[in-house]
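First, the structure itself, so that you have it in front of you.
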Amino acid sequence: MSLLLEPSKEQIKEEKLYQQMGVSDDEFALIESIIGRLPNYTEIGIFSVMWSEHCSYKNSKPVLRKFPTSGERVLQGPGEGAGIVDIGDNQAVVFKIESHNHPSAIEPYQGAATGVGGIIRDVFSMGARPIAVLNSLRFGELTSPRVKYLFEEVVAGIAGYGNCIGIPTVGGEVQFDASYEGNPLVNAMCVGLIDHKDIKKGQAKGVGNTVMYVGAKTGRDGIHGATFASEEMSDSSEEKRSAVQVGDPFMEKLLLEACLEVIQCDALVGIQDMGAAGLTSSSAEMASKAGSGIEMNLDLIPQRETGMTAYEMMLSESQERMLLVIERGREQEIVDIFDKYDLEAVSVGHVTDDKMLRLRHNGEVVCELPVDALAEEAPVYHKPSAEPAYYREFQETEAPAPEVKDATETLFALLQQPTIASKEWVYDQYDYMVRTNTVVAPGSDAGVLRIRGTKKALAMTTDCNARYLYLDPEEGGKIAVAEAARNIVCSGAEPLAVTDNLNFGNPEKPEIFWQIEKAADGISEACNVLSTPVIGGNVSLYNESNGTAIYPTPVIGMVGLIEDTAHITTQHFKQAGDLVYVIGETKPEFAGSELQKMTEGRIYGKAPQIDLDIELSRQKALLDAIKKGFVQSAHDVSEGGLGVAIAESVMTTENLGANVTVEGEAALLFSESQSRFVVSVKKEHQAAFEAAVADAVHIGEVTADGLLAIQNQDGQQLVHAQTKELERAWKGAIPCLLKSKA
């Protein structure tokens, strides 16, 4: 029971207690001006979460406006729970990515689990059935005991929630770098399927309509979670463990099915997840979007704990809760549906016409605030921006090729780097086949799910090489989008749209804000050229630990459409005798590469460059060749360069090998030049494929001897290794590191 006396309005101002909630002096003065009086404790708490970066994007809005958000297929862009893209036949795909970085740093299992739960609710609140989950994870070096603990617990949290709720986790990425040592990144993406007629919005329309609370009871977990997510991590962050929510996937499964049934009922007017800022954000945002107000009686809120105050109820981020607006007089229809699932559905208020959020508790009005001020009128900051000194130095430094004395040894070593190594240890914990629609499981360039009753399928991926962004955020931003699109194309799909998760450090530092601006410029340019609009996403700033920022990490989630399941393609070579091609030229580009990090222990120099027009041309040519049936396998060349891409392609259930000839010195095998693919083609399609893909160069063929042999044009042997030995090293690296005591 809460025994604390809340401070008075005067105390809040005089003692500047609002600063503890992340509200600045100027913001407090603005709040006072907007409402024409001093706010009470509940009201300043509500303003603090709604005006946090996590909810308001007050530091990032000027940057987000750069993104293209419309397109022929876009049915819903940014502004709702998730974006929606048309895929024909009156069907649409719904998807969104969200972060749960700060909670995962201090309570990794629950932090990751509730991140999955929250993004699933965002998707089904739009009326869609979630069909897949992906995740993009970043950790410090896997030699650290603390990092091993975080890694194991985060993966267990994702598996524990996703497996229980029955949604397959079909893909994602895991990368390791010292910059994430104290601040791991846990980004979760959910993809759903919907018929056009079932699309719902989070709007509180219709004066007098009933506001209903459904799902789990409200507790004290997660209070100020949104504020916690809007500040730097420090040694004292452990004290904020109560700001981490606790999830119940079985409750979420019931809530999902009940909500999807309610969506078929025309009594439903609007629906929204109680995510960041809980009851506060869902009520204020739904009213603001509809141009209405909401009045609620907090005495009616289902509570898990006794003696909860209005402040605690409004700021709680207890999981598995939704807010619904129902036609007046039809409440019992909704109650009956939720009763079937043994869930509470309680009328707690109604829609008004005065654009106010009015809350009653214990017979008193404890809050009366304008909804637009909460949801739309947070101050927007144009932060100072300054190019960091290291950037100019890197731009003027062509990173030399690291010395490669033995390319076979180097290939083995690269395949065992945790960022490149097989993530089988991770995805074997996920149920990626549940619901039996998964056609391409984790481990290829993208996850692929069929759409039952049609010939269509969806490909999905997440991508970002943060090292490139550290060296050059604009070029790195372009590359992140391009690599995601390459992965989609390699699966036989046309890239449709993007959801982005902008993970950066403290925007109040000019060098960090410069990174954000430049990365957004690069992402925007790539999305325009590749025709992949940004339909939603998330911003996670203040990712710093004791003053040290993470690498800039704008994760790109992308979905593509496969028109015919016959076009589905994977990265693995299929049969001996097929011809091996590389599309795109290899340049001596080693800055930010896995080879540079491994051999020199740091990254520096001018980042790899990308020509987006060439990228688009190659993607279109390859996709056309795939659709015509010329391509047996396709794999994009990324971390570790051509050598790693060929090795990954040759690791199949058959004991295949490859004999290829490449140009140049051994180190070039591991250059990370952009816009490249490794492709295999049947001999009978050689002429047609070469005519279709002008940039393709024939470098060898798939063999049946289980041997990877790579030589240069001078006849010098570069790599000579048994495929199964390479695969054993690649698959064993992460389990081996986790078992070691170091």
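Quick reminder: no glycine exception, Cβ is built from N, Cα and C everywhere.
Taken from Swiss-Prot, the feature active site covers His54, and the record attributes it to sequence analysis. Residues annotated as ATP binding site in Swiss-Prot: Tyr57, Lys96, Asp500, Gly537. What Swiss-Prot lists as Mg(2+) 1 binding site is Glu98, Asn538, and the listing cites sequence analysis. Feature annotation from Swiss-Prot assigns substrate binding site to Ser99, His100, Asn101, His102, Arg121, Gln245, Glu317, Ser318, Gln319, Ser540. Per Swiss-Prot, active site, proton acceptor is recorded for His100, and the stated evidence type is sequence analysis. Annotation source Swiss-Prot lists Mg(2+) 2 binding site at Asp122, Asp273.
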Should Tyr57 (ATP binding site) be counted as helix, strand, or coil on the basis of DSSP?
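Where Tyr57 (ATP binding site) sits, the three-state DSSP reduction gives coil.
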Roughly how many angstrom lie between the C-alpha atoms of His100 (active site, proton acceptor) and Asn538 (Mg(2+) 1 binding site)?
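Their Cα atoms are separated by 10 Å.
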Quick check for the class: what is the C-alpha distance, in angstrom and rounded, between Asn538 (Mg(2+) 1 binding site) and Asp500 (ATP binding site)?
6
Measure from the Cα of Gln319 (substrate binding site) to the Cα of every one of the recorded positions His54, Glu98, Asp273, Gly537, then give the nearest.
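Closest recorded candidate to Gln319 (substrate binding site) by Cα: Asp273.
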Tell me the Cα distance separating Glu98 (Mg(2+) 1 binding site) from Asp500 (ATP binding site), rounded to the nearest angstrom.
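The separation of the Cα atoms works out to 8 Å.
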Counting distance between Cα atoms, which of the binding-site residues Tyr57, Arg121, Asp122, Glu317, Gly537 is nearest Glu98 (Mg(2+) 1 binding site)?
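The answer is Gly537.
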Can you tell me whether DSSP puts Gln319 (substrate binding site) in helix, strand or coil?
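Assignment for Gln319 (substrate binding site) reads coil.
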Roughly how many Å lie between the Cα atoms of Asp122 (Mg(2+) 2 binding site) and Lys96 (ATP binding site), rounded to a whole value?
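Cα-Cα, rounded: 8 Å.
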Which site among His100, Arg121 has the most other CB atoms no more than 10 Å from its CB, taking these as recorded positions?
His100
Does anything in the same chain, at least 6 positions from Tyr57 (ATP binding site), have a Cβ under 8 Å from its Cβ, and if so what?
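The answer is Leu64, Val539.
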